[in-house]
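Asks: Following this message is one structure expressed as structure tokens.
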Amino acid sequence: MKCSLRVWFLSVAFLLVFIMSLLFTYSHHSMATLPYLDSGALDGTHRVKLVPGYAGLQRLSKERLSGKSCACRRCMGDAGASDWFDSHFDGNISPVWTRENMDLPPDVQRWWMMLQPQFKSHNTNEVLEKLFQIVPGENPYRFRDPHQCRRCAVVGNSGNLRGSGYGQDVDGHNFIMRMNQAPTVGFEQDVGSRTTHHFMYPESAKNLPANVSFVLVPFKVLDLLWIASALSTGQIRFTYAPVKSFLRVDKEKVQIYNPAFFKYIHDRWTEHHGRYPSTGMLVLFFALHVCDEVNVYGFGADSRGNWHHYWENNRYAGEFRKTGVHDADFEAHIIDMLAKASKIEVYRGN
């Protein structure tokens, strides 16, 4: 009898331990899966959101299913928003000239060599090989993170920026691209103070801070020789005009604009209007190929129809539209088309 009672008590105790274990496990699991834990009972002030461990994977799956290439509301390079844009855009062509795409197609080589006079014959590949011993010669935009939204401001030099008050908005972008002279000191309220990329050719080049990428737009082989010289020996002082013999820029941030990309813009986008696209067009399409969102400032005439730079008053400023080198009217049309296709946002200024 005593043995039976002992067995009965042990069985009941075992059952109670088992039930308590189940209750503890269930309560712990339930708390872990609650979307919020109100910690007011602890300190009376905070409400803490608890995120399940699988939440990141779930979000990733939804993003992949959405088909978007970035985390922006609209991703510039994604197809489907505009048939016109999709028929022109080629996301496979790199805007940067590197070791990997050093060999130009024959038609590109011929076209590029005719842009400006070549006073002496040079082997382009040999020149590039030597240049890429000084600068990286790599494409820093090869890999894109679909979980990020790379917002870019393309800042032109139009007088319509004066009094615009765009400075703070411009500075809020990830990439801020400027071209040629583009001073910021004294104009910060309208054009911003930050720059991440500055596009120049030898005749417009200036020294840059260490955190800015210098993007050389080459029109001839001599331009490649010049940048190599300006970052080393300083021997070249003249092209078709005086140039800086030495250039203070971060060598690790020097990039070379790809002539094949240059011709792609001329063929597909500006459609041979003008001899070749303007620097503004080159920068804009560079941004369209490396950014997820592109906002454009300082392009076109001001509200009075004047074409001039924001840092100067020039009564002859509209004369460049008549040179035949660039077709400003057609380029303005392309910008309008890109805006209508929701690929860029244009800020017209004053």
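From the backbone N, Cα and C atoms, a Cβ is placed for every residue, glycine too.
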Asks: Quick one: which of His147, His197, His309 does Swiss-Prot put in the substrate site with Gln116, Asn157, Asn180, Tyr240, Tyr276, Gly280, Gly300, His326?
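Replies: Answer per Swiss-Prot: His309.
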Asks: Can you look up which of Cys3, Cys75 is joined to Cys70 by a disulfide in Swiss-Prot?
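Replies: Between Cys70 and one of Cys3, Cys75, Swiss-Prot records a disulfide, namely with Cys75.
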Asks: Which cysteine out of Cys72, Cys291 is the one Swiss-Prot pairs with Cys149 in a disulfide?
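Replies: Record-based pairing for Cys149: Cys72.
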Asks: Going by what Swiss-Prot says, which of Asn92, Asn211 is noted as N-linked glycosylation site?
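Replies: My reading of Swiss-Prot gives Asn211.
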Asks: What is the separation, in Å, between the Cα atoms of Cys149 (disulfide bond) and Asn180 (substrate binding site)?
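Replies: Distance (Cα to Cα, whole Å): 27 Å.
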Asks: So which one is it: of the recorded positions Gln116, Asn180, Asn211, which has the fewest other Cβ atoms within 10 Å?
Replies: Asn211
Asks: If you count other C-beta atoms within 10 angstroms, which of the disulfide-bonded residues Cys75, Cys152 is the most crowded?
Replies: Cys152
Asks: Among Cys72, Cys291, the disulfide-bonded residues in question, whose Cβ has the most other Cβ atoms within 10 Å in this structure?
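Replies: Result for the most crowded candidate: Cys291.
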Asks: Which site among Cys70, Cys149 has the most other CB atoms no more than 10 Å from its CB, taking these as disulfide-bonded residues?
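Replies: Checking each of Cys70, Cys149, the winner is Cys70.
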Asks: Please identify, among the recorded positions Cys70, Cys72, Cys75, Cys152, Asn211, the one with the smallest Cα-Cα distance to Gly300 (substrate binding site).
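Replies: Closest by Cα: Cys152.
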